[in-house]
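Reviewing the structure listed below.
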Amino acid sequence: MQDDLYKEFYGEEYDDKKWYSVIPIALLVFLIPIIVYGKQVNLTGNYYRFWNGASQSLDFFSYYKSMWIVILTVLLSVVFLVSVLRKSIKIQKMSIYIPIGVYSLFVILSTIFSKYKDIAVFGFVERYEGMIVLLCYMAILFITINMVNHKSAVKAVLIALIASAVVIGLIGIFQYFGHDIFKSVSGKKLILPASLQSMAGKLKFQFGDKIIYSTLYHYDYVGSYMAMLFPLTFTMLLLVKNKIYKLCLIPVTILMFLNLLLCHSRAGVLGGIISLIVLAIILRKHLIKNYKITAAALVVVIAGGIGFNIYSKGLLSDRIGSLFKDAGQLMSSSKKAKTPYLKDVTQNNNELNLAFSDNTLKVISNKGKLTFKDASDNTIKSSLNSKNGQEVLNDKRYKDFNIVVTDYSDTSSNKYGIQINRNNLKMPFLSYNDHFTFTDEKGDSVEIKDVPKLGFEGKEQLGSARGYIWSRSLPLLKHTILFGYGPDTFAAEFPQNDYIGKLTAYGTSTMLVDKAHDLYLAMGLNTGIVSLIAFIAIIVMYFKSSIKLYFTNDYEEFFSIVGLSVFIAVIGYLGAAFFNDSIVSVAPVFWTLLGLGIAVNAVLKNDKAKAEEQL
C-alpha cells in the first residue's frame with residue numbers, strides 16, 4: 001500500500017525523478033504571497049522626490065516579498081545549475097526562449113538608459129518590482145519550464161500553491177466578516193519588528209469593513225490572485241477522477257469563489273468571467289455529456305449568488321452592474337454626457353481659459369481688474385458682492401458657475417484668489433500681477449501647464465479614475481518604442497503636475513499616481529514596447545500550444561487535467577491585467593503557473609508524438 005501511495009504521488013517514473021528539487025519553487029508560490037511584515041524605509045533621492053512628501057515609508061506588503069523573491073530565485077538557480085551539471089535535468093529545446101530572452105534584454109537596457117536608475121534597479125516605494133525582480137521572474141519562468149515537468153514536481157508545486165491560497169482565502173473571509181487579524185493587537189505585534197512594537201496601538205490599515213485585502217496589499221490584487229486560483233481549482237474539481245481530491249477541492253474552490261466575489265475587485269471578477277467562458281467553450285462536450293452535474297453546479301452558483309446578494313443588501317449586483325455601466329460609458333460618445341465636463345484649462349499671458357464640454361469661460365486680469373468672456377470673446381456681464389466676494393455672471397449659460405474672488409492686493413502688487421466652482425468641481429486659482437496660477441491643496445501656487453492626453457475625454461472617472469490615468473499615460477508611449485523609462489518608474493514619468501486633471505478625476509489635486517492600472521500599458525512604458533511585444537509573443541506561443549492540445553482532449557490523465565487548469569488560470573490573470581498591475585504579491589505565482597503550463601504542454605506534446613509514432 002505504501003508503494004501504491006508513493007506511485008500515486010510520483011507517477012510511474014518515481015525511481016529517478018524526485019520532487020525535492022522543486023522545493024524552492026514550492027516555497028516561492030507558498031511563502032511569497034503570505035509574507036506580511038513591517039519595514040520602515042528611509043526615503044532619499046528619487047524615492048523621496050516622487051513619493052507623497054513623507055521621508056519614511058512603513059511597508060508591510062512589498063519590501064520583504066521582493067527580498068524573498070530574490071533569495072528564493074538565487075536558491076532555485078543554484079539547485080537548477082547543480083542539476084544541469086549532474087545531468088539529472090536536461091534543458092528542453094523551445095522557441096519560446098527567444099521572446100523570454102528579448103524581454104529580459106530590454107528590461108536590462110531600459111534600466112541602463114533610465115534617468116532613475118535607483119528606482120529602475122530596485123523598484124518604487126511600496127512596490128519594489130525593479131529590474132532585479134523582473135529578471136527573477138524570467139529565471140522562475142525558465143527554470144519552472146525545465147524542472148516542473150514530471151508528476152511529483154507538478155503535484156508539489158500545486159499543493160504548495162493551494163495551501164497558500166487557503167491561508168489567504170481564510171484571512172480574506174475573516175476580514176470580510178469583521179475579524180481582520182491585522183487590525184487586532186496580537187496581529188499587529190506579529191507583523192511589526194521589535195523596533196516598531198510601540199506603534200502597535202496606533203497602526204491603522206486604510207481599508208474599512210467588508211473589504212478583503214488579505215496578505216496581498218490591496219483588494220485589486222486579491223482580485224488578480226483569485227482570478228487565477230478560482231479557475232484553477234474549479235477546473236480541477238470538474239475533471240479530477242480521484243474522489244479524495246474532489247472532496248478536498250470542493251471547499252477550496254468555494255473559498256476561492258467567495259474571495260473573488262467579496263474582494264470588491266471588478267477586474268478580478270472580469271478575469272474570472274473571461275476564464276470561465278473559455279473553459280465552457282473548451283469543455284462544451286464534457287459539460288453537455290455530464291449535463292446533470294453541470295445543471296446542479298449552475299443552480300448552486302446562482303442560488304449562492306442570489307443569497308449573498310440579499311445578505312449584502314445588493315452589493316454583488318451593484319458591483320457587477322458597475323462593470324456594465326463602465327463598459328457602456330466607455331462605448332458611448334462624450335457628446336452624450338448628461339453632466340458638462342471640463343476639457344481643458346490653459347493660461348496665456350493675462351488670460352485664464354476654462355474649456356467645458358458645453359461652453360467656455362475666459363477670465364482676463366488687466367491691472368488687477370477681472371473681466372469674464374465666452375468662447376467668442378464676448379464680455380459676460382457680472383456683478384461682485386463685496387461682502388462675500390461672490391462674482392455673479394449675468395448670463396444663463398453660466399448659471400451653474402459659482403465664482404468667489406478674494407482680494408489679497410497690497411500697494412506693490414495686484415493679487416486675487418479666484419475660486420471657480422461648477423457642480424462638484426472646485427478649482428482655486430491665483431492672479432498675481434495679471435498672471436494666473438493654480439493653488440494646490442497645500443496652498444502653494446503652481447504653474448498651469450499643458451499636459452498631453454489621449455482619449456477618455458469626459459470619462460476620466462471611468463473605472464475608479466483609470467480613464468484619467470490611461471489618457472495621460474498613452475501619449476508617453478511614443479517615447480518608449482525601443483526602451484522604456486525603466487522598470488517601476490511609472491510614478492516618476494507620469495505627469496504628477498497635472499493638478500487640474502487630478503482634481504477632475506479624483507476630487508483632489510494631491511493624488512500620487514504610481515501605477516498604470518493596466519499591466520500591458522505599464523510594461524510598454526516601463527520596459528518598452530519591444531518588451532511588451534516579447535511578452536505578448538510568450539503568451540501567444542503558449543496559447544497556440546494550449547488550444548491545439550486541449551480543444552480535442554478527453555482529459556483522462558493527470559497532465560491534461562493540470563494543463564487545462566493552468567491554462568484557464570493564466571487566462572483569468574491576463575484578463576484581470578487589463579485593469580490591474582503586476583505586483584510582487586501575485587506576479588511570482590503567475591510566472592510560475594505560466595512556466596508550469598508551458599512545461600506540461602511540452603510533456604503532452606511529446607507523449608502525443610510518441611503515440612503517433614507507434615501507430
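Here the Cβ of each residue, glycine as well, is placed from N, Cα and C on the backbone.
The following features are taken from TrEMBL:
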type     : residues : note
DOMAIN   : 435-536  : domain 'O-antigen ligase-related'
TRANSMEM : 20-38    : transmembrane segment
TRANSMEM : 67-85    : transmembrane segment
TRANSMEM : 97-116   : transmembrane segment
TRANSMEM : 128-149  : transmembrane segment
TRANSMEM : 156-177  : transmembrane segment
TRANSMEM : 222-239  : transmembrane segment
TRANSMEM : 267-283  : transmembrane segment
TRANSMEM : 295-312  : transmembrane segment
TRANSMEM : 519-543  : transmembrane segment
TRANSMEM : 555-576  : transmembrane segment
TRANSMEM : 582-604  : transmembrane segment
Kindly report the helix/strand/coil residue split of the domain 'O-antigen ligase-related' (435-536) according to DSSP, in that order.
46 helix, 7 strand, 49 coil
Can the transmembrane segment (222-239) be said to touch the transmembrane segment (519-543) if we require at least 3 CB pairs below 8 Å and skip pairs under 6 apart in sequence?
no
Residue numbers, six or more beyond the limits of the transmembrane segment (97-116), whose CB comes under 8 Å of its CB atoms:
46, 130-131, 134-135, 138, 141-142, 482-487, 489, 492, 526-528, 530-531, 534-535, 537-538, 541
Would the transmembrane segment (20-38) count as touching the transmembrane segment (582-604), if touching means at least three Cβ pairs under 8 Å and pairs must be 6 or more apart in sequence?
yes
May I ask for the residues of the chain that lie six or more residues beyond the transmembrane segment (156-177) and have a Cβ under 8 Å from a Cβ within it?
19, 22-23, 25-27, 29-31, 33-34, 144, 148, 210-216, 222, 225-226, 229, 233, 252, 255-256, 258-259, 262-263, 562, 589, 592-593, 596
Other parts of the chain folded back onto the transmembrane segment (128-149), taken as Cβ under 8 Å at six or more residues beyond its ends:
21-22, 25, 28, 59, 62-63, 65-66, 69-70, 73, 76-77, 80, 83, 89-92, 94, 96-97, 100, 103-104, 107-108, 110-111, 119-122, 157, 486-488, 527, 582-584, 587-588, 591-592, 594-596, 598-600, 602-603
Using a Cβ cut-off under 8 Å, which residues of the same chain at least 6 positions beyond either end of the transmembrane segment (555-576) come close to it?
11, 151, 154, 158, 223-224, 227-233, 235-236, 239-240, 265, 267-268, 270-276, 278-279, 282, 286, 539, 542, 546, 549, 586, 590, 593-594, 596-597, 600-601, 603-604, 607
